[in-house]
Structure formats: C-alpha cells, structure tokens
Amino acid sequence: MNTLAIAPTPAPGSPLRRFSNLLYRRPNLYLSLLLVPPLLWFGAIYLGSLLTLLWQGFYTFDDFTMAVTPDLTLANFTALFQPSNFDIILRTLSMAIAVSIASAIVAFPIAYYMARYTRGKTKAFFYIAVMLPMWASYIVKAYAWTLLLAKGGVAQWFVQHLGLGPVLQFVLGIPGVGGSTLSTSHLGRFLVFVYIWLPFMILPIQASLERLPPSLLQASADLGARPRQTFMQVILPLSIPGIAAGSIFTFSLTLGDFIVPQLVGPPGYFVGSMVYAQQGAIGNMPMAAAFTLVPIVLIAIYLSVVKRLGAFDAL
Amino acid sequence: MTLAVQFTQVSRQFGDVKAVDRVSIDIQDGEFFSMLGPSGSGKTTCLRLIAGFEQPSAGSIRIHGEEATGLAPYQRDVNTVFQDYALFPHMNVRDNVAYGLKVKGVAKAERIQRADEALEMVALGGYGERKPVQLSGGQRQRVALARALVNRPRVLLLDEPLGALDLKLREQMQGELKKLQRQLGITFIFVTHDQTEALSMSDRVAVFNKGRIEQVDTPRNLYMKPATTFVAEFVGTSNVIRGELARELSGYPQPFSIRPEHVRFAEGPLANGEVEVHGLLHDIQYQGSATRYELKLANGQTLNLSQANTQWQDNAAPHQAGQQLSVRWAREAMVTLHDAVSGEV
C-alpha cells in the first residue's frame, strides 16, 4: 500500500530510539543540548574575556617601571577625558556618524533597485556583486585605496582631467576635512570607510524593502500620494529598521577599526588604533581596556537613541 | 445617465499573454457592478486598469467621460480596497484612514474629523488609536473601506475584499457593502470569483473568461438566460446538453442549458411542451435544503436533478441509486447556448 520511501527508523528498544524518545518527551532537554555549546562559546569565552579586559581598566599602570599592578583606580577612565584622548574619541565618533549617514544615502538606491526591480538571476547577480568586495582581504582593499588616492594616483588624475583640480584643492584646504593629498586627508579616509562598509548597509536595507508589500505602494498612490509623498510617508518609515540595522554595522565597525586610520588619512589616532598602540607597543593594558569601553558605551547610547526613534517598532 | 467607467476595445498584454483582450464595458454611474470570473480570467487586470496600476496595451478607458489612459493612480478620482487590505503597518487606524486627505493637504483638524466620521460609518468608532496588527481580519477590512471612502471617490474599486474572511463574516459584509453603496450612491466595481457573492450584491455582473467578457447582465438574467456554455457552467450549476441529444430534444444543433432545479422526476403522462429523458440513477447527495440526484444518460452524459426539501417531515429519498428513471422538464426552461465568446456588449 505504502509506496513512499521512508527513512529506516531505529528498531524499538535500541539505545538510539530510546534517546530520541527521551528528547521528544523532554523538549527542554533537547533545547538545552542545542543551546549550551554556543552559549558556552559566546557567554563564557567571549563575554568572559571581554569582562576580564574591562576589569583591567581599573588596574594601575606605572609609567616608570611600565608595570601593571592590580591596585584599583579610576585614573584610566578619567584619563579618557584629557584633551588629547578626548580628541581621539571625538574624531572617531564624528567619522563613524559621517560614514553611517553617507553609507545610508549611497546604499538606499542600490538596495531599492535590488528589492523592487530585480528578480531571479539579476537579483543573484546583485547579491554577489554587493558581497564580492568582502571576499577580498580587507587590508588589500585599504592598501589599494592608498594608491588610488595618492598624489598622482588615479583619483587625482581623474579629477584633473575633469578640470576640477581647483575644486579638489579647495576641498583639501578645508580644515577638518582636507589634508595635503586625498590619501592623507580626512576626506580620503571617509571615502575608504564608506567603500568598505557599504555592503553592511545595503543588505539590511534591501531586506527591509523586500518585505514591503507592493500593494502598500499602490495603496499610497491610489489614495492620491505623489511618488515623493509615497517615498517620505511609506517607503522611508518602513525601511528605517533596515537603515538602523545597517548603521549599527557601519557605526560600530568604524568605531572599532584600527587599520584604515593607519593606512589612509592624516596622522592621529582612532579609538581602535589607540587600543592597538596602548596594549601592543606601550604595554599599557589598563589604558587599552579603558579605551575599549568607549565604543561599547557609544554603541549603547546609539542603540537607545535609535530605539527611541521607533526604529525597532516595525520589527 | 452618465457613464462612470467606459472601456472601449481595451487590451492588456503581458508578453505573449493577453490578460485582457478587446474588452468593452459601460459601467453606469451609481451602479453596483461586479466582475466575475475564475482566476486568470482578466477581471483583476481590468480593475487595475481602472485604478491606474496597469496601462492598457490598446484601447481607451474613460472615467466619468475623461480619458484616463496615461494617468497615474494619484491623478484618478477612484479609490481601491485591496485584497490584502494594504493598511500601512506603521500608522494607527486613524492615520491610515486620514492618509488620502493628508497627502492632498487637507488641514489636520478637518482630516481627523473626517477620518473619525468614516470610521464611525464602518462601525469602528473608537478604534482610531489602534495599530492595524491589533485588529481582526474583518476589522482591517472595514478600515480599508473607510480609508478608501473618506476621499469621497466617485468610483470605488473592490478587489476580492471578502476573500480572506470566513463564511459568516463574508455574508454579513456583503449586506453591509450593499447597504453602504445604496446610502452613498457611488459606483462600486467589485471583483470576485464567487458567483453567489456576485449574484446577491450586484446590479449587473460581467462574466470574464480568458481575458474576454462572455456576458454582461443582471444577476437574474445571467442565471436564467446564460448566453454561453461558460456562463451556464460558471454561474450556478447547470446541465449543458450537447450533440445529437441536444438536437433531438431542442430541435437545434447548439448545446442548451437546463438547470438541475428545473428537472423533475416523471409522473403521469407527458404534458404538452415537456421533454423526457431516461437514465440510470448514479448517485444521490443530500445537501440539507435540497437533494441532488445524478443520472447517467444513455449517451454517457451526466444529468443533475435538484429537488428542494420543502417538507419538514423526514422523508426518505424516493429513489435509490441503481434505478432506471425517467425525468422531464419544460421546453421553455431550456436555454440555447453559444460556444463562441461574444466580444461586444
């Protein structure tokens, strides 16, 4: 009668069968068997080491002997507010904000096109095209950009031939944005960050737009909304969770990055490179730990702001 | 009487597929007009052509006398109730209803007042602060209706709006929609694949098949005088008798339709103007208010006979499966059918 192929089941009474029956009767045991390994890995090893690191932020570093002693102090955290350190935080924070905003603006049209106008093979092509840069080593890409942006590099050659040389000189002359060449300017560093983190912004926005039923846009037009109104009233509010998710990536990745700031842009530390320098070259683990707290606090503040804006309401 | 919507030889092609094929319809102002047909018959595409979500490949569409071809949805004085309701999930019910007024620049106080009135009209007063996810299917349906009606459109398009509701709620909404349409006096164009829904609500019904219109008529005429085989079989159930038997019984070579409830068991001598056929009683289905008998005729065709169960006593079925029986009907009850689709209406 039954012609369907059925996977062989263990004979009744076999240990495997009894074990599977046990799991069936006790779903909580089943769940915990699945969850304990990743929780151990994530909870104990990752969070544990992070907390240990942060705890070292309260230790004392002796400038003369270069020795760390476990005498608890708040000196490292108050040192964050010294002008030289606070500059680093501000520089990193403003770059992270600028990069997130620019990524969102650049990513949105691509994500919109992917979600609404492509299907099948074209969509697969776009997915691969967006993720392809992530297959290449990140350091290679950053180095490539130093060459592209260098004096006499492709970018400058291109700008010269467009006759925009004076414009570039003017932009590079703006304090806080410019520098002597593109590759040693804040602008250059900003361009590299936007390039490198862009896929992290495109994909969440694309996913949020993908979930938008076409009938909502038709309903909006049907009720008399012009395309611009439909965009402002329906598409944008409903894609904010995607933009928020993407900006969490771009924001936190920029805050923690220590390679791009070393390769592109003017001298001066970022939070990431400061941590790297403190614990590597100087051996001041407590100060490095104090700096590590900065992105964590900033991201926590950022998430609470984003949440208050209602970004997670539509999830 | 002015025409609310006029289709003249309208076609819409998607690649090689003709979704709508040279359709002409005149929809009167203030009419409850239904477009009935199986899925893929072109009825929804016609609705989308009126709304402006699709543009015709050929032909002309006039809405209240004005050429609508080429106009965007937001330039048309029609509103749509969508099959999936399409409520904006990030707005509360009141903002959803007031949306059409907001984008047209109506002042805030007025649009809130009008939105609340519209919600009142669909018996959802006091639900303004809720989000669409907090409502039941029937309530969302009403919000969608209020959102469309608050703009005071001259034509309201309804795309299978009751499809997602359960039977009881659907019947209740049918009555309410009909009442609302009479009260407001605006044109309703209602797309459905449910023939009882179309018959019970509409002033006139257009029956679609394969992108073309088979017949446009009042529900009564559609049922009593179906023009084509397709209409006879799609609207209600019908016995379509074809071939030699049709010629023998009606005198014409065309197939004809006889409704199961117009067929009765033979009793006494054959009256004038009646025809009689013989067959084997194959199956009996008790359906509550009626009982259906399925006969196999000598030529292999099936003939259905439906007998209303009007007696309150529990009478056992008068016949058993396997019996040879004779059944009769009046000549006038036969409706000659055309197989070809009549393009013009």
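Cβ atoms here come from the backbone N, Cα and C positions, even for glycine.
Outside the transmembrane segment (A:29-55), and at least 6 residues removed from its termini, the chain residues within Cβ reach (under 8 Å) are 22-23, 289, 292-293. Annotation source TrEMBL lists transmembrane segment at A:29-55 (among others).
Distant neighbours of the transmembrane segment (A:88-112): 80, 126, 130, 186, 189-190, 193-194, 197-198, 200-203, 205-206, 209, 235, 239, 242-243, 246-247, 250-252, 254-255, 268-272, 274, 294, 298; these residues of the same chain sit at least 6 beyond its ends, with a Cβ under 8 Å from one of its Cβ atoms. What TrEMBL lists as transmembrane segment is A:88-112 (among others).
According to TrEMBL, the feature domain 'ABC transmembrane type-1' maps to A:89-304.
The feature transmembrane segment is assigned by TrEMBL to A:124-145 (among others). Long-range contacts of the transmembrane segment (A:124-145) within the same chain: residues 110, 113-114, 118, 183, 188, 191-192, 195-196, 198-199, 202-203, 259-260, 263-264, each at least 6 residues beyond the stretch ends and with a Cβ under 8 Å from a Cβ of the stretch.
Here the transmembrane segment (A:157-178) has Cβ contacts under 8 Å with residues 185-187 of the same chain, all six or more residues outside its ends. Among the features that TrEMBL reports, transmembrane segment is placed at A:157-178 (among others).
If one looks beyond the transmembrane segment (A:190-209) by at least 6 residues along the same chain, the residues whose Cβ comes under 8 Å of a Cβ in the stretch are 95, 98-100, 102-104, 106-108, 110-112, 114-116, 130-131, 133-134, 138, 141-142, 145, 149, 182, 235, 238-243, 245-247, 249-250, 253-254, 257, 260, 263-264. Taken from TrEMBL, the feature transmembrane segment covers A:190-209 (among others).
For A:234-260 (among others), the entry in TrEMBL reads transmembrane segment.
What TrEMBL lists as transmembrane segment is A:281-305 (among others).
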